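Here TrEMBL flags Lys79 as active site, proton donor/acceptor. According to TrEMBL, the NAD(+) binding site annotation covers Gly179, Val180, Gly181, Asn182, Val183, Gly184.
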Amino acid sequence: MVAQTRRMMPPIEYVRLSDEAAGLDGIIAIHSTARGPAAGGCRLWTYDDPEAAMRDAFRLAEGMSYKNAMAHLPLGGGKAVLRRPAGDFDRRALFEAFGEAVEKLDGRYVTAEDVGTGVADMECVARHTRHVAGRTALPGLAGGDPSPWTALGVFEAMKAAVEFRYGSGLAGVTVAISGVGNVGAGLARLLHGAGAKLVVADIDPLRCARLAEETGARIMGIAGIAAVEAEVFAPCALGGALDDATVEALHAKVVCGAANNQLAAPHVADLLMERGIAYAPDYVANAGGIINVAAEYLGESESEVRGRVMAIGPRMRELLDTAASDGLPPPVVADRMAEELMRPETVAA
Ligand code: NAD
């Protein structure tokens, strides 16, 4: 059984971007504005052809609609995908031209950084539009590095998933973390503070060594981390960490991490369920970053960010309870909850 319910709706609007002089070639896709302006980062990546960039933009914009809805943000979903020019290029000119394109959408799309873009690029965008976040944080207001918020959200989601599956808190529980970069390391520190035991793996041995010194974590090679004896597996590196073989080898009965698109294929959600593993859907657990980025755009305070991030735990518990009582994989329930939150009747209520 492949219990996939997401409907893959095309975007409601998209704009092709082309400015040869500035090196701009890409697309802005607006998947949904049901809950508010379509928000989602701007990716700069190498694509073979414009169609590949367009497919990625549509897919990523849809993902943002679900993520933003599940985080209860007053935002729809969108994404910008820019094709990285070959060779040297004028980065400032490219992002200024992109800023002009965002401005033309008159607030229907809000951008921020994503893979391949950073704060300096968003500052260039901001010269031409105010519909941009991910800029330098202003005192007293939300903004800045989203990673600590992502780590906190995953930590809260994990607490809820462990309570659901094992009926316990995190103290004494062993968590295996794959990828201890910005989010994985932050998560490790929070878990250490809560009395959890850690096993960590990363392709960068220095990152593991630093964390081991700080938290007493045991270091493993990346090949064996998923199968290590632990109650929780936390994928915090790249996407696609969970495939048939990994799920077969998993010892942990809870999977909860920060990485986007953790399931290598939709049917993996069924495999996890069949093996009695509680899977915390990635886009629900890792919403802390977008919550922080959204708060910057909406002019909210840090305490409002904290409130929204802390709500991830109870939301995850409700989701896992519903999945168990309906006999469905959690990602299917997550998509249904998000679709409900995008319905005009729900938004109006
Ligand atoms: P990062 O680049 O800081 O860290 C990623 C870490 O994974 C690095 O230490 C890298 O060496 C390691 N790594 C790469 N390949 C690996 C492999 N095969 N096995 C083990 N480790 C490997 O990135 P990050 O900001 O910590 O993000 C981690 C994940 O969380 C990404 O998938 C990202 O898309 C997702 N995410 C991040 C945020 C955020 O706020 N940063 C928000 C939502 C989702």
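Glycine is no exception: its Cβ is also placed from the backbone N, Cα and C atoms.
Bear in mind that TrEMBL entries carry predicted annotations, made automatically and left uncurated.
Projection of TrEMBL feature records onto the structure.
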{"residue": "Lys79", "record": "active site, proton donor/acceptor", "CB count, 10 Å": "30"}
{"residue": "Gly179", "record": "NAD(+) binding site", "CB count, 10 Å": "26"}
{"residue": "Val180", "record": "NAD(+) binding site", "CB count, 10 Å": "27"}
{"residue": "Gly181", "record": "NAD(+) binding site", "CB count, 10 Å": "14"}
{"residue": "Asn182", "record": "NAD(+) binding site", "CB count, 10 Å": "17"}
{"residue": "Val183", "record": "NAD(+) binding site", "CB count, 10 Å": "28"}
{"residue": "Gly184", "record": "NAD(+) binding site", "CB count, 10 Å": "28"}
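The residue listed as 'active site, proton donor/acceptor' carries a strand DSSP state (E or B). Here the C-alpha separation of Gly181 (NAD(+) binding site) and Lys79 (active site, proton donor/acceptor) works out to 24 Å.
Each residue in Ser147, Ile177, Ala185, Gly186, Leu187, Asp202, Arg207, Cys236, Ala237, Ala258 lies on the same chain as Gly179, Val180, Gly181, Asn182, Val183, Gly184 and has a C-beta within 8 Å of the C-beta centroid of that NAD(+) site, without being one of the site residues.
On a Cα basis, the residue listed as 'active site, proton donor/acceptor' lies 27 Å away from Val180 (NAD(+) binding site). Straight-line distance linking the Cα atoms of Asn182 (NAD(+) binding site) and the residue listed as 'active site, proton donor/acceptor', rounded to a whole number, equals 23 Å. Only Gly179, Gly181, Asn182, Val183 of the recorded positions listed as Lys79, Gly179, Gly181, Asn182, Val183 bring a Cβ under 6 Å of any atom of ligand 1; the order follows the sequence. Recorded residues the residue listed as 'active site, proton donor/acceptor' and Gly179 (NAD(+) binding site) have their alpha carbons 25 Å apart, per Cα-Cα distance.
Gly181 (NAD(+) binding site) falls outside any helix or strand according to DSSP and counts as coil.
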